[in-house]
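Chemist: Take a look at the following structure, please.
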Amino acid sequence: MSDQVIIFDTTLRDGEQALSASLTVKEKLQIAFALERLGVDVMEVGFPISSPGDFESVKTIAREIKNSRVCGLSRALPKDIDAAWNALKGADAFRIHTFISTSTIHVENKLKRTFDAVLEMGINAVKHARNYTDDVEFSCEDAGRTPIDNLCRIVEEAIKAGATTINIPDTVGYTYPSEFGGIIKTLFNRVPNIDQAIISVHCHDDLGMSVANSITAVENGARQIECTMNGLGERAGNCSLEEVAMILQTRKDKLGFTTNVNPMEISRTSQLVSQLCNMPIQANKAIVGANAFSHSSGIHQDGVLKSQNTYEIMTPESVGISTNKLNLTSRSGRHVIQHRMQELGYRDTDYDLEQLYASFVELADKKGQVFDYDLEALMFFNKVDSDPQHYRLESINVQSGSGLVATATIVMSIGEDKKVVEAATGNGPIDAAYQCLMRISGLDINMDDYHINAKGAGKDALGQVDIVATYNGQKFHGLGLSTDIIESSTKAMVHVMNHIHLAKAVAIEKEQLIHIDQV
């Protein structure tokens with residue numbers, strides 16, 4: 001049996017079912033191209049019979065994709081299979097995927113049929129699909145809850161009818177690894193013609209075991225895993241593509257399997273899917289979460305600096321992330337601060353490590369995470385200030401509404417004795433406030449990230465706005481709190497401006513330090 005595991009991506013079919021709004025054809029094509037670069041063997045890109053829009057998107061993707069096999073889903077009905085063929089026939093390589101429910105609860109309560117009738121429908125569907133292609137996948141929906149005798153029977157008959165891939169879905173995420181692995185093992189032991197088809201699995205994550213079930217299935221003979229980028233999917237989602245791909249790569253020593261996935265494309269593909277689908281990735285998500293390669297514990301940070309493999313079983317670079325991240329918090333040790341200062345270009349003789357570290361811990365206790373510009377300011381000014389106040393927002397007034405151009409008027413104090421009143425228009429009230437602040441400061445700031453969260457509950461809840469912005473190639477962070485979201489957004493932008501002002505002061509001191517060294 002081959003050690004190659006086929007990666008069947010269904011982000012654009014099963015994954016899209018989790019979205020509140022459908023993707024456009026252009027967006028689907030962007031994701032399809034990304035999946036092709038990633039190296040997926042098969043991509044299921046839609047359910048052609050379900051809507052004219054889905055039909056057209058499948059047809060468009062089928063014409064454009066050259067290096068992955070394009071698949072369309074169909075029920076075990078001739079009209080569905082015909083629609084799939086018509087959408088897919090322009091592809092260089094395609095697969096028709098047809099399915100029918102096989103569990104007793106589905107057969108009796110959903111289909112209102114007997115199992116024998118379902119068996120006949122499945123056989124006829126496979127035969128009909130074989131009129132169009134020799135690559136036919138047959139799925140036994142809710143296989144995880146299907147009586148094993150019935151499952152063995154329908155798998156054998158589907159292979160006889162011409163199915164080249166048999167998919168065993170845990171449709172409701174009900175099974176656990178040893179149980180699901182046992183189902184796959186039983187099929188290999190009891191289905192006489194099973195060597196004539198590839199056994200696939202499609203596991204949902206309702207109990208958080210989709211990835212574990214998929215890996216166990218492969219250990220028991222399955223050679224295709226159906227999965228989605230970021231684990232997107234109905235309810236709790238699907239088996240995560242990036243997780244199974246990196247498990248198979250990282251633990252090849254134990255498992256012995258390979259895939260065609262290019263791991264260097266994982267991070268980029270994950271971010272694209274997240275952005276286009278408007279589905280944020282949780283920070284602690286394995287492989288692709290913001291914290292996946294971040295270290296905050298001082299002990300862990302010290303270990304990683306000494307040898308990366310002390311706390312990292314794979315490198316961030318291996319999945320397309322430029323580097324790991326050592327978050328500077330009150331738990332960070334002296335070694336980490338010294339290392340970061342070296343990365344920023346300072347020699348050990350440029351500062352007193354004990355004094356800097358004491359100031360750092362004091363600031364970190366107040367602020368939480370400390371950034372590079374904070375650390376440099378501590379070095380030069382030895383002033384622990386979690387909220388620099390060069391720019392101080394006195395008031396903001398915004399006028400906006402249907403048919404009106406949003407206008408913001410801001411009163412701001414600058415330095416010790418300057419007060420400025422400025423007004424600006426924008427594309428909405430927050431943009432108007434942003435334009436006004438840019439006029440006041442004369443800065444050219446690009447907003448990279450903008451997040452709104454509620455602090456508290458009810459009508460008195462505070463809106464917390466977190467901003468990441470770029471100025472002169474450097475990242476700056478800002479935070480604002482208010483019961484008014486426009487005010488909290490403005491405060492966050494002012495916070496960024498103050499950090500930039502501090503960084504400018506640091507740059508002057510740094511230049512003088514370099515000049516002294518040269519003299």
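Positions of Cβ are set from backbone N, Cα and C atoms, glycine also.
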Chemist: For the Mn(2+) site that Swiss-Prot describes with ASP14, HIS202, HIS204, which of these is also annotated: ASN220, ASN230, ASN238?
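Modeler: Within the candidate list, Swiss-Prot flags ASN238.
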Chemist: List the other residues in this chain whose Cβ sits within 8 Å of the Cβ centroid of the Mn(2+) site residues ASP14, HIS202, HIS204, ASN238, in sequence order.
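Modeler: These residues sit around the Mn(2+) site: THR10, PRO169, THR171, CYS203, ASP205, SER210, GLU226, CYS227, THR228, GLY233, GLU234, GLY237, CYS239.
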Chemist: Taking the Cβ of HIS204 (Mn(2+) binding site) as centre, how many other Cβ atoms lie within 10 Å?
Modeler: 25
Chemist: When DSSP states are folded down to helix, strand and coil, where does ASP14 (Mn(2+) binding site) land?
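Modeler: In three-state terms, ASP14 (Mn(2+) binding site) counts as coil.
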Chemist: Could you count the residues of the region 'Regulatory domain' (392-519) that DSSP puts in helix, in strand and in coil?
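Modeler: Taking each residue of the region 'Regulatory domain' (392-519) in turn, the totals are 47 helix, 55 strand, 26 coil.
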Chemist: Under a three-state reduction of DSSP output, how is HIS202 (Mn(2+) binding site) classified: helix, strand, or coil?
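Modeler: SS state of HIS202 (Mn(2+) binding site) = strand.
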